[in-house]
Structure formats: structure tokens, C-alpha cells
Amino acid sequence: LAKYPEIKTLMGPDPHLKWIVSGMVFMQLLACYLVKDLSWKWIFFWAYAFGGCINHSLTLAIHDISHNVAFGNKQARWNRWFAVFANLPVGIPYSASFKKYHIDHHRYLGGDSLDVDIPTDFEGWFFCTPLRKLLWLFLQPLFYSLRPLYVNPKAITRMEILNALVQFSIDLIIYYLWGLKPVIYLIAGTILCLGFHPISGHFIAEHYMFLKGYETYSYYGPLNWLTFNVGYHMEHHDFPSIPGCRLPMVKKIAAEYYDNLPHHQSWIRVLWDFVFDDTLGPYSRVKRLCKLAKES
């Protein structure tokens, strides 16, 4: 910032985010109507090939919204409720809990018992062969859901209760209007596309040590177009208040700080290497003891 103060002008809300997210939510509601009479095999096909991609993208929009980039820092409540709205096609209440834990991921990156993005010792010990690592990738949604309850349990907040009430109410309305298949379409898409799916390569690409000494990596491939530029992850951790749409400008302005750092060009290659490279696995993360962990 001292060398490139113009980066400060990139901070602040993204005026287009609310309209893009709203379009995605309504697209999924339309899809619920369109799939209500399909056979089950097509329900799961479209859940994986289409709906799940949108749902995964919406979880990354929720990630951006958790940094208040939809309406700005002065409108925190608007951001929280808009995240609940973005959550609707995901089928499972997620946004409020994500916000609660994601703050710690930025504040205590790799912090033992603080950053719940870090796999547990059991995950690192058990999922150590190609077949088991493949299974672990399929089960990622389960681990991301349950790991916080084991590693760093926190009291349920009022916003989490409201998030669940709104989410399950919408699920029931969809079930009442169009039956079970649209509900399964939404939830199955979320589970499938947060598991073993090309877009899910970002979970591994972001903080797994592919090279010793480097714990955060960016990805500059085309899937950034579908994921609100979550691939620009080094840039995001440097400037979390800058919305995803402007992160490429950070790299362009301060190219000398990013161009020579190791990065990824393919999330599919990331998944392949993770499964078949014996030096990679759930243990391939930096874990550090933070002061807060010592005090607690």
C-alpha cells in the first residue's frame, strides 16, 4: 500500500454483486420448476452438471458477502441478510455459520484449533492413499460441516437460527409447490459440486503446500469467471476488503509482488496431483500455534 496507494481505491462494495447473485438465485428457482417431472437419473445429472455449479458459485458469493462487499462495511446487516438470500438454492443453511468461522481463517490462518479449514489429525492419518484421498475429496462437504463442531465449537448465534428457519421454510415451500425432486436437485447439487468436482479444486489449491515454504497459492485459470475470482487467493488474503471482481487489478497494479510466486493454472491438475502425489494429502498444511490458542 505504501508503494501503490491506488490499491485503496479498489476497496469497498461491488455494485454488481447483488444483481448477479439475485439472477443466480432466481435461475435456480426456475430450474426447480423445470426438473420437477424429470426421472431421478436426470435430476442427479443436472444437479452435478448445472445446478451444483451455480450452488458452488453461490457459496463463493457468500464468501465475498461475508467480507461485506455486497453493501459495504456500514451496512453489515444488509450483507448478513443478503447472504441468507444467496444461501436459498444451496438447500442447507450455511451462510451465518460460514461468516462466524471465516473470520478466524483470515485472522489466524493455519491456527491450531482456530482455523477450521485445517484437516484434523484423523483426516491426515487415514486419508493417505490415492483411493482414500479420492474418498476424502468426495466427502469434503461432510468434513467442512462437521469439523468446526469438533475442532472449535462455538455457541449457536441468533443469525444462524434465522438462517436455518428461512432456509428450511423455502425448502418446504418448494416441496409443497413442486414435490421432492427439486429439493433433492438443490441439495444433491450442493453436496456433489462441493465434493469431487473441477470447481472444488480451489479448496486444495488455496492453502495446501505443493511447494515447501508456500502455504497460499493463487489460480489464474478460466474457472475464475464462475467463482467470483476466488482463485486470486494470495491477493484476497492480502486485501480481504477488495471484492473478487477487482482482485485481478491488484495483481496488475502490484505485479512485482505476485508474478514470481508459485501459482496454479488448473484446478483439475490440482486434484490429480493431490490424489496421486504421495507427498500431498490432508497433512499438507501449515499448522501454527496462535497466542489465542495458548491463552484458551
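Even glycines carry a Cβ here, placed using N, Cα and C.
Nobody curates TrEMBL annotations by hand; they come from automatic prediction.
Applying DSSP to the domain 'Sphingolipid delta4-desaturase N-terminal' (1-16) sorts its residues as follows: 6 helix, 0 strand, 10 coil. The domain 'Sphingolipid delta4-desaturase N-terminal' annotation in TrEMBL covers 1-16.
The feature domain 'Fatty acid desaturase' is assigned by TrEMBL to 41-263.
Packing against the transmembrane segment (16-35) from elsewhere in the chain are residues 42-43, 46, 50-51, 54-55, 57-58, 61, 64-65, 69-71, 82, 85-86, 88-89, 174, 178, 181-183, 185-186, 228, 243, 245: each is 6 or more residues past its ends and has a CB under 8 Å from a CB in it. Under the heading transmembrane segment, TrEMBL lists 16-35 (among others).
Proximity of distant same-chain residues to the transmembrane segment (42-61), defined by a Cβ-Cβ separation under 8 Å and at least 6 residues beyond the stretch ends, is recorded for 17, 20-21, 24-25, 27-28, 31, 35, 86-87, 89-91, 94, 98, 181, 184-186, 188-194, 197, 199-200, 226-228, 230, 244. Here TrEMBL flags 42-61 (among others) as transmembrane segment.
The transmembrane segment annotation in TrEMBL covers 81-98 (among others).
Same-chain residues lying 6+ beyond the ends of the transmembrane segment (161-178) with a Cβ under 8 Å from its Cβ atoms: 29, 32-33, 36, 84, 87-88, 90-97, 186. Residues or ranges marked as transmembrane segment in TrEMBL: 161-178 (among others).
Annotation comment: TrEMBL describes 184-205 (among others) as transmembrane segment.
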